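Visitor: Attaching a single structure in structure tokens format; questions to follow.
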Amino acid sequence: MTSSSNPSVGGRASRSRRRGDGEERLILGVPARFMKPRLIFIAAVFALVGFGLLMIYSSSSITSLISKDYGNDPAYYVERQLMFVAFGTAFAFALFKCDYHLLSGRLMPVIWVVMVLALGLIFLPFAGADAYGASRWIAIGPLHLQPSEFAKVAIVVIAAGLLSDYMEKQRLDTKELLKRAALLVGVPLMMILLQPDKGTMMICAVTILVMLWFAGVPRRWVVGLFAVGIVGMVALSLRDSYSRARIMTVLNPWSDPYGSGYQLIQGFYAFGSGGLFGVGIGMGRQKYSYLPMAYNDFIYAVIGEECGLVGTLGVLAGFGIMLWAGLKIARYAPDMTGQLIATGSVTMLVVQLLLNVSGVVGVFPLSGKPVPFISYGGSSVMSCLMLAGLVLSVSKQSRLPVTEHDRVRMDWSVTQAPRVDQEGVSEPMPRSARGSTEGLGGGSRFRVIGGGASPTPLAGSRTPRSLRAERDLASRHPEGRVSVDSNGRRRIDLGPTAGERLRKRDDGPDVRGRRPGGGRNGERRGR
């Protein structure tokens, strides 16, 4: 065996591991432990998308039916959402086919430049579109795209590449990491904050903290950044009157039931009307112009009304299954970059869900962020499907985590066996021919000496076990007490009385650990 530094040896050894004594089961030609999380993740994502289309139609049909701007078409919103889902699925498939190492490596500067340019366009009068007191959209004909939604995808890829270069590949020192992070991640986050879009900023910040934790960054860094982030968000929220009003609404929405607290109170009515199993899909009443943005920000309240507590918990369970499958895929990623991309993607989706749900139920200020995969919104559903495509791209390169045994095997390779002279190799002797005195093959030969009751071995050879047994038998028993019966079997006369037939303890075989006089047990009894 010779030393080798080829990492592919460990990869092949890791991939060829078996379960038990049999080969691992395959699903579509892929090991089951890799394919199962992938299929579960895909099923969870498309179940959420399908349920979202159903709820968008239910919650928006009345609004579009009574509006001439939408052609009095009850399917206006769901048809547009289907178009966005088709585009998002195409983007997700493209990311699935693309190697994520390329995205976090050579294409990282290109991704960053495109992201910054898109975020900068919204501040230009001829391209940006204002809505609800913020400049977050780019108007492209009849379509309004939100660059900050796509920036979330880019931030996950860039952060994963930086942390991998620092923690695993060690291409960066701490000073260089901070400089690059400030430019590649800090600048886009500041541009998102200036829109202002505190919700997206918060989602990205929490996701980065989770990625830092999973990357193995010292905990004091993570805790310190978390504390700084909390203080910063509180300070920013108290600066402007709009954010302060949202905080006061959460504390007491009934202080202004027809103003700032109206939407939240109508959401409470929706949850209260639904009960355990809901009033039935399509049978809700709050969507009849009582609940603003019922098909977008507050679609979770419509789910609570029409599907009840069971429906709302089912949505949370769907995201929980997606999170489990995504983390399983991250565990089987071949390197830290893949682990962080998969972890960051599913974390971003779950954090956005929790931010929306906590706002709708009144435990956190409203952020205006939609429910991933379910709420209406072209930019939102496309960016969420792109995050899912990143997770599947990591899953495509899954392999078992490298153990300590694999690390040792990576340093060794098997050399070519030396050439053996085939003349010294013989075939096994059949049982019927084992009495022959002629040896086989060209190797060492033995002579069989015939005659006599006590065959003599060759000089220098060990005494056969059968001869040693006879010799020991003769030495232990006097010659007069050993006899031969009519069948040729040796019989030993142990004596006429039971006392003579019983062997003394000291006459028996030497047992390791036994001492004269009864051994260790005898000593205990003697004490």
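Using N, Cα and C of the backbone, Cβ positions are placed for all residues, glycine too.
The compositional bias 'Gly residues' feature in TrEMBL is assigned to 438-453. Annotation comment: TrEMBL describes 467-493, 500-513 as compositional bias 'Basic and acidic residues'. TrEMBL lists 1-20, 415-527 with the feature region 'Disordered'. Annotation source TrEMBL lists transmembrane segment at 39-60, 80-98, 110-129, 149-167, 199-215, 221-238, 268-286, 298-325, 346-367, 373-392.
Let's see these features in context: how buried, what's close, how far.
Guide: Proximity of distant same-chain residues to the transmembrane segment (39-60), defined by a Cβ-Cβ separation under 8 Å and at least 6 residues beyond the stretch ends, is recorded for 27, 74-78, 81-82, 85, 281-282, 284, 287, 294-295, 299, 302-303, 306, 315, 318-319, 321-322, 324-326, 329, 371-376, 381, 385, 388, 391-392, 395.
Tertiary neighbourhood of the transmembrane segment (110-129): same-chain residues 103, 135-139, 144, 147-148, 150-151, 154-155, 157-158, 184, 187-188, 191-192, 194-195, selected by CB-CB distance under 8 Å and a gap of 6+ residues from either end.
A Cβ distance under 8 Å defines the sequence-distant neighbours of the transmembrane segment (149-167), meaning residues of its chain 6+ beyond its ends; these are 100, 103-105, 108, 111-112, 114-115, 118-119, 174, 177, 180-181, 184-185, 188-189, 192, 200, 203-204, 207-208, 211-212, 215-217, 335-337, 340-341, 344-345, 348, 379-380, 382-383, 386-387, 390.
Sequence-distant neighbours of the transmembrane segment (199-215) (same chain, 6+ residues past either end, Cβ-Cβ under 8 Å): 148-149, 151-152, 155-156, 159-160, 163-164, 167, 185, 189, 192-193, 221-222, 225-226, 229, 233, 330, 336, 339-340, 343-344, 347-348, 351-352, 355, 367-369.
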Visitor: What parts of the chain pack near the transmembrane segment (373-392), using Cβ distances under 8 Å and only residues at least 6 beyond its ends?
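Guide: Sequence-remote neighbours of the transmembrane segment (373-392) are 38, 41-42, 45, 48-49, 51-52, 55-56, 60, 77, 80-81, 83-85, 87-89, 91-96, 100, 103, 143-146, 149-150, 152-153, 156-157, 295-297, 299-300, 303, 315, 326, 329, 341-342, 345-346, 348-349, 356.
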Visitor: Given a Cβ distance threshold of under 8 angstroms, which distant residues of the chain, six or more beyond its ends, lie next to the transmembrane segment (221-238)?
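Guide: Result: 193, 198, 202, 205, 209, 212-213, 244, 246-247, 365.
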